[in-house]
Amino acid sequence: MDGIVPDIAVGTKRGSDELFSTCVSNGPFIMSSSASAANGNDSKKFKGDNRSTGVPSRVIHVRKLPSDVTEGEVISLGLPFGKVTNLLMLKGKNQAFIEMSTEEAANTMVNYYTSVAPVLRGQPIYIQFSNHKELKTDSSPNQARAQAALQAVNSVQSGNLALAASAAAVDAGMAMAGQSPVLRIIVENLFYPVTLDVLHQIFSKFGTVLKIITFTKNNQFQALLQYADPVSAQHAKLSLDGQNIYNACCTLRIDFSKLTSLNVKYNNDKSRDYTRPDLPSGDSQPSLDQTMAAAFGAPGIMSASPYAGAGFPPTFAIPQAAGLSVPNVHGALAPLAIPSAAAAAAAAGRIAIPGLAGAGNSVLLVSNLNPERVTPQSLFILFGVYGDVQRVKILFNKKENALVQMADGSQAQLAMSHLNGHKLHGKSVRITLSKHQSVQLPREGQEDQGLTKDYGSSPLHRFKKPGSKNFQNIFPPSATLHLSNIPPSVSEDDLKSLFSSNGGVVKGFKFFQKDRKMALIQMGSVEEAVQALIELHNHDLGENHHLRVSFSKSTI
């Protein structure tokens with residue numbers, strides 16, 4: 001039982017069996033005009049969402065919310081994963097329903113929070129799929145507030161398409177969130193350099209970053225970072241506070257600043273105004289105006305070196321970090337795609353976000369496979385998008401199950417978080433960590449039928465070079481594929497014909513304007529794109545060119 005919600009129809013009280021049959025019909029969840037009863041002590045039980053995570057749906061059920069939680073905080077749970085299209089608040093029951101724009105976004109969100117316990121206001125909350133496929137809400141006061149908050153967020157997100165977001169959108173977001181769009185960031189245990197660019201890459205995943213100033217105070221590397229809106233600042237703080245950038249060090253402490261905007265005078269390696277590319281570089285040292293200095297009780301000019309000072313304090317114990325610091329975090333954060341310098345550190349074995357750099361079980365159990373079509377090679381290619389696959393074993397007596405051994409635990413987490421729930425050969429695969437620590441090769445003479453393969457020395461490994469740029473381009477499965485290593489003689493029609501030859505539908509194609517060795521191709525569905533990647537990655541295009549295929553974050 002997941003608590004209490006109103007009757008689905010107005011004016012009639014249904015028995016539990018009738019209500020349950022309505023819930024599992026996968027119709028829309030209609031929030032009736034009796035919504036206020038649900039926020040009081042109504043006793044009608046809702047039996048629809050009684051599973052652990054459930055069957056994927058755009059609608060997500062959130063339970064055990066703090067009684068004083070705001071609509072904005074609930075919306076912020078979904079923002080890192082895509083657009084939130086509807087919200088239903090049941091405050092009296094400490095519950096909510098979030099509707100995402102796509103099932104893929106909802107699936108990524110649930111996968112993430114399955115690994116990383118979500119925390120709001122210091123309280124763990126619970127997230128699972130709802131039986132409902134969409135939400136419909138009425139105009140009761142509680143739902144009106146939720147819709148107003150949702151509209152404010154959407155207007156801000158629309159404004160984010162341009163760096164200079166409209167003042168109205170920013171004001172709407174400010175009114176909803178009630179805080180500054182400026183974050184104060186302290187990096188503790190600074191054993192590796194954290195540059196302005198690293199901060200920009202990490203924090204840009206939560207919204208448009210307008211300005212950053214870095215400085216050193218009290219022997220601590222600090223930064224002020226201004227978003228285009230306070231909603232982005234809010235969910236960046238919720239998601240990143242207490243996280244480690246690199247393994248067991250460089251811990252982020254994040255608070256809201258008293259400032260509402262930053263005044264950046266120079267664009268250099270210490271400060272940057274992304275809305276003003278015309279600013280001079282100055283002397284590579286940012287200066288804070290007197291208002292800012294007063295806010296920090298600091299002199300106008302901060303220390304020239306952000307890495308000065310040898311004594312770094314121990315990691316600050318943030319309650320929220322306790323909810324985030326679990327072994328699965330590295331993989332769970334992967335849908336947010338923290339790239340570039342941080343990913344390069346991952347390739348060098350330093351990334352931690354938090355506490356997992358090569359540690360943990362590297363063997364995955366993959367189930368619900370199509371036994372008629374799955375092969376070790378297809379699993380090697382697909383899982384190889386997220387790490388270097390060492391061995392694959394399809395179980396001899398249960399061919400719908402397989403073991404996939406990655407190079408380390410972080411790669412296993414990455415593959416699991418991105419691929420769990422996606423369709424392969426017409427079936428939604430399920431991926432969990434295996435109890436096995438390695439995949440055993442068959443003994444000599446043991447019947448295997450080619451179901452176990454060793455790929456330890458495969459030339460197709462994408463991440464074998466330390467610091468490989470491929471770590472910067474890891475994305476969830478999508479309908480759009482990134483193609484590279486295309487020879488000059490191969491045309492758009494050639495590639496379209498190649499990708500449609502296996503029954504897929506090509507919906508769009510575009511060569512890169514500056515480099516015709518690369519292109520984007522859009523398939524008819526995510527499942528078609530997955531199949532095309534498996535079949536055509538490393539395809540021989542002639543002229544000693546083998547096609548490279550990966551998932552893209554872009555669309556055509």
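Any Cβ shown, glycine's included, is placed from N, Cα and C.
Per Swiss-Prot, the features are:
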CROSSLNK  K64  SUMO2 cross-link
CROSSLNK  K217  SUMO2 cross-link
DOMAIN    58-142  domain 'RRM 1'
DOMAIN    183-259  domain 'RRM 2'
DOMAIN    362-436  domain 'RRM 3'
DOMAIN    479-554  domain 'RRM 4'
MOD_RES   M1  N-acetylmethionine
MOD_RES   S16  phosphoserine
MOD_RES   Y126  phosphotyrosine
MOD_RES   T137  phosphothreonine
MOD_RES   S140  phosphoserine
MOD_RES   S458  phosphoserine
Between Y126 (phosphotyrosine) and K64 (SUMO2 cross-link): CA-CA distance (Å): 6
Minimum Cα separation from K217 (SUMO2 cross-link), reported as the residue among modified residues Y126, T137, S458 that achieves it: Y126
Inter-residue C-alpha distance, the residue listed as 'phosphotyrosine' and S458 (phosphoserine) (nearest angstrom): 41
DSSP-derived helix, strand and coil totals, residue by residue, for the domain 'RRM 3' (362-436): 19 helix, 21 strand, 35 coil
Integer Å distance between the CA atoms belonging to S458 (phosphoserine) and the residue listed as 'phosphothreonine': 54
Residue among modified residues T137, S458 with least C-beta crowding, 10 angstrom cut-off: S458
